[in-house]
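**Q** Dumping the structure here so I can ask a few things about it.
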Amino acid sequence: MRRRDVAFCLLLLPAFMTQAVYGQRKKGPKPNTLARKNDFQDAICFIDVVFILDSSESSKIVLFDNQKDFVDSLSEKIFQLTPGRSLKYDIKLAALQFSSSVQIDPPLSSWKDLRTFKQRVKSLNLIGQGTFSYYAISNATRLLKREGRKDGVKVALLMTDGIDHPKSPDVQSISEDARILGISFITVGLSTVVNEAKLRLISGDPSNEPVLLLSDPTLVDRIQERLGVLFERKCEHKICECEKGEPGDPGPPGTHGNPGIKGERGPKGNPGDAQKGETGERGPVGIPGYKGDKGERGECGKPGMKGDKGPEGPYGPKGPRGIQGIGGPPGDPGPKGFQGNKGEPGPPGPYGPPGAPGIGQQGVKGERGQEGRMGAPGPIGIGEPGQPGPRGPEGAPGERGLPGEGFPGPKGEKGSEGPIGPQGLQGLSIKGDKGDLGPVGPQGPAGIPGIGSQGEQGIQGPSGPPGPQGPPGQGSPGPKGEVGQMGPTGPRGPMGIGVQGPKGEPGTVGLPGQPGVPGEDGASGKKGEAGLPGTRGPEGMPGKGQPGPKGDEGKKGSKGNQGQRGFPGPEGPKGEPGVMGPFGMPGASIPGPSGPKGDRGGPGMPGLKGEPGLPVRGPKGAQGPRGPVGAPGLKGDGYPGVAGPRGLPGPPGPMGLRGVGDTGAKGEPGVRGPPGPSGPRGIGTQGPKGDTGQKGLPGPPGPPGYGSQGIKGEQGPQGFPGSKGTVGLGLPGQKGEHGDRGDVGRKGEKGETGEPGSPGKQGLQGPKGDLGLTKEEIIKLIIEICGCGPKCKETPLELVFVIDSSESVGPENFQIIQSFVKTLADRVALDLGTARIGIINYSHKVEKVASLKQFSSKDDFKLVVDNMQYLGEGTYTATALQAANDMFKEARPGVKKVALVITDGQTDSRDKKKLADVVKDANDSNVEIFVIGVVKKDDPNFEIFHKEMNLIATDAEHVYQFDDFFTLQDTLKQKLSKKICEDFDSYLIQVFGSPSFQPEFGVSEREVSVSTPKPAKEMSKSFNVSRGQNEETESYVLTEAGILAIPTPPEATNTLEPLLSSREGVETRTPNPNLLQSEKSLYKDPRCEEALKPGECGDYVVRWYYDKQVNSCARFWFSGCNGSGNRFHSEKECRETCIKQ
């Protein structure tokens, strides 16, 4: 039993020694990566997400709140993502808002939990200036580089409309650099009006992929799905590139093992190169001794003591390696020594260099998660049966059935040979029962000499019992051997019994030589023949050695560079335990002086059996050089060791040969085995359509709906004339709308063609005519002829344009405003000396472009307007109006003061000036304010903006709202000029005709809503009119005399009606009958009587039409189809056809 315990401990000792020596891991194969599956670093994927919010002026209040709500919803969805493998997500979130500046709140370094993150995002305030996406991307990249975790997944989610400030740098290069650093971008558009090309440029998405929009109700789910795929792909890639962690702390030192099995005796070493020492100095001549009688020849004596080693000679050339000798027989076991004291544990050694990283096999698939809890039952729905649902989850596999009972059937016939099956999958290695000990195999070939370092001296084992004394040897004396190297002093042998031989001649005394260098330990010589037993000598005193001093603690070595993980090598075969070698006998503690070499004595009598010596542990000797590798010993007897750990599954073997043999008899039914693994996923068929569910309870009433005022309905049919009422008493009411156009009169019959007259004689050339009349002179002439009222009085005017140049306007719309201001100034201010104009350009700051005293000509005014710079920041309307109030302090006394505000957004909340206070100051200074608001009715901020427009304007009739900047038409200019110069402009409208505008929204009938027109086209002549054309707009054209003519709409009458007006200052006169043409007058072509109809298509071309009210031809834009016949290709054709002479 004791031998089994010793063998078991000896087998465990190499396993412990290969892993740790005094707390230090030895070199060897590194642990498999699969063994570290539960390691923290390998089980977590780090994810850093930065939300980038557009806080510019174009995002306004509602869009900025929508962005914060989106971040709140998506951040919660991100934490609901679960990895598909045995991993965990470690997620950190940060938020960044940008405009012309960037604010990071919160950063990644201050991440605590999701609740704190949501609170800080909700507290963000709108910056409200220009859009600079470049700085947002650069700051997000710097944030992820500095505070993002190494080897983590980095994602930036950018929300913007992609319409940057003109001074914003290009984002292409910085976006590409960020993606090279491993940052993934996801872009979201704020509205349907986005720059899709720029958003794709930032995210790197292909052109065929649609752009994500913030208004999409499924946006959160779409981005959650996209992030889930991104995280799974990135984290799986990171796991494959995992690195070895830091080495752990050294473990506690192991217990000392039992002494190993006695090893075999090694082969005899080659004799060393003995060199003869130098001859010593001649000593003094001794006294001649007494010459004795010659004795008998004695027996061969024992070999003499080993002589002193001579001085070390030079190293000779390295000789060839000798042939491996045959191992000698095992020696007798030595006496068992006493158990020594346990030594102190040595200091931990330095860490060894890390090995190359290994590549582990794929881990086992994780278990399926638990099923979620059942939600609360919802209300019973009402509706038709829906489409068949998707296939349900796969069911759990059923248990294996009980084995059937029955008698074994007869042996079946041998079936036909089937085809060779495919190579099977790699099987799982299952440790089987330990097999029986096999027969002892033949001795294997000699292994390659091992390379190892000298180990420390082991603890001396217990002294074994003395072996039996061998029989005396017999043999003839051999030749005298060469003088060998001096060996260690052996024990003093017993005194021999024999005839004293003759005394030898004394040798010359040599000079003492230099002490030689301690020689190498010689190999053990062959066991000599037993000498004659001598007399027992005196028993010496037992020596006791002192323990040597404790060695100095070595310095801790520096940590080696991390090496690459190597491929694990194949597991080698288990070695056989060696045979325990004999323990040497301790020598005497005091060596005696060497006596003279005596003659060989005769054979002595066998001595008595000696007592066992006391084992005394001597001091630790110096470490000797490495000896030659011994031959492998014979396989020793022993008990089979403990089964080793389960090895890795080997590669699948080659496909076996097709078996040939008869079918065996059917075996008896085996014992019922455990239930098998789950089978493959089944393929089900779609079930039948379910029955219609029961009618559910009625739902709660919905919230009240919101809607805008509908468009004005069509005019109803004319009612029957009522009886004439009594004359009422009251004040005169407002002027009514234009009535409907009457029915077109019956076309007269064409008269017969008269006889052609005789051609007259060509007359003489008349004198040169007078200079033609100007536009103003023609208007004055018409007024004098028609007698329709006084001409417009040019009233002195102080006009200040307050122009919004904020970020939401945009550079293109700002150019439209510039053109609009120049055109409006031409209509209003015929003389800059009478009507003076000032300009204020504002955004987050206010620029006084021109004062009221600056301009002397319209060319200077237009040049200043063209040189205005687009600011593109916030909307500080209150500060701009305050600057207008300061400018009006330079106004002339008693002159009308008008401010025209053109804006597209509500005032910035950070404006230091209060809008209500500034407007009150303007009203107190008798400043009349008009407002042109450009905003769509479906805009979320329309109600707020509309209230602000009414607050700014002097009264509700001074507010004009348009959907966009393209709808600033001349009709608006007329309404403004009616307020400024009422008589003159109203006269122009009544003389040339004006379409009736239907207000679609608002507080007053003065508000105008016009849709976007067709692109404008320019006319080539000395006077150009550039404008669009559609059903709701007018076309101003030039007559041959240069008069600006307005085409008569289809609703206008064909006759010149008397001009009636209820306005003050306008006198009513009767038209001059001499200038009126008779309605019964016939034209050469019936097309001349048709009203002008531009048509309904979009292919506009220039044509000429005849206006019978002024008996003149003019140009107009013809749409290309469905127009009236009153159109001609040239002015000449129109004149020849229609104009009456």
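Keep in mind that glycine also has a Cβ here, set from the backbone N, Cα and C atoms.
Features from Swiss-Prot:
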SIGNAL    1-20  signal peptide
DOMAIN    48-227  domain 'VWFA 1'
REGION    242-770  region 'Disordered'
DOMAIN    243-300  domain 'Collagen-like 1'
COMPBIAS  291-311  compositional bias 'Basic and acidic residues'
DOMAIN    301-358  domain 'Collagen-like 2'
COMPBIAS  335-344  compositional bias 'Low complexity'
COMPBIAS  345-356  compositional bias 'Pro residues'
DOMAIN    501-544  domain 'Collagen-like 3'
DOMAIN    545-588  domain 'Collagen-like 4'
DOMAIN    733-769  domain 'Collagen-like 5'
COMPBIAS  735-753  compositional bias 'Basic and acidic residues'
DOMAIN    798-976  domain 'VWFA 2'
DOMAIN    1088-1138  domain 'BPTI/Kunitz inhibitor'
DISULFID  CYS1088-CYS1138  disulfide bond
DISULFID  CYS1097-CYS1121  disulfide bond
DISULFID  CYS1113-CYS1134  disulfide bond
**Q** Looking only at C-alpha atoms, tell me how far CYS1121 (disulfide bond) is from CYS1134 (disulfide bond), rounded to the nearest Å.
**A** 19
**Q** Hey, how far is CYS1088 (disulfide bond) from CYS1134 (disulfide bond), Cα to Cα, in Å?
**A** 9
**Q** What is the interatomic distance between the Cα atoms of CYS1138 (disulfide bond) and CYS1113 (disulfide bond), given in whole Å?
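**A** Here the two Cα atoms are 8 Å apart.
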**Q** Do any residues at least six apart in sequence from CYS1097 (disulfide bond), in the same chain, have a Cβ closer than 8 Å to its Cβ, and if so which, in order?
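**A** Set apart from CYS1097 (disulfide bond) by at least 6 residues yet with Cβ under 8 Å, we have SER1119, GLY1120, CYS1121, ASN1122.
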**Q** In the structure shown, which of the disulfide-bonded residues CYS1088, CYS1113, CYS1121, CYS1134, CYS1138 has the fewest Cβ neighbours within 10 Å?
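**A** Comparing Cβ neighbours within 10 Å for the disulfide-bonded residues CYS1088, CYS1113, CYS1121, CYS1134, CYS1138, CYS1121 has the fewest.
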